[in-house]
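Swiss-Prot has this to say about the protein:
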BINDING   38, 83, 86, 91  Cu cation binding site
DOMAIN    1-98  domain 'Plastocyanin-like'
């Protein structure tokens with residue numbers, strides 16, 4: 001499984017790493033690393049055709065350190081992801097599914 005931290009160890013508002021490649025159906029575990037409220041929103045304009053961005057997003061906030069969300073993406077392509085409250089600060093990432 002791939003692991004993505006929400007918030008850097010240094011307190012930065014970032015997905016760490018901010019670019020990953022996974023196999024179709026591989027688990028991606030998002031972990032709140034900072035204790036700030038973060039969420040995982042798939043950009044409806046930046047997912048493969050036919051993918052329901054709302055269905056794979058986790059819009060409810062992960063409020064506490066250590067909270068996790070797991071997603072499995074089965075459609076190959078590139079996915080743009082952002083944290084809604086912190087996207088203005090550049091908290092975005094790209095997931096490539098092969």
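Every residue, even glycine, has its Cβ placed from backbone N, Cα and C.
Since we're looking at a predicted model, the values are computed, not measured.
Surrounding the centroid of the Cβ atoms of 38, 83, 86, 91, where the record places Cu cation, the chain contributes additional residues within 8 Å, namely 6, 7, 13, 14, 15, 36, 39, 82, 84, 85, 87, 89. Figure note: comparing Cβ neighbours within 10 Å for the binding-site residues 83, 91, the maximum is reached by 83.
In the domain 'Plastocyanin-like' (1-98), helix, strand and coil residues by DSSP number 10 helix, 44 strand, 44 coil. Residues belonging to the domain 'Plastocyanin-like' (1-98) score a mean pLDDT of 98 in the model. In sequence order, 13, 36, 38 make up the list of same-chain residues 6 or more apart from residue 86 (Cu cation binding site) whose Cβ falls under 8 Å from its Cβ.
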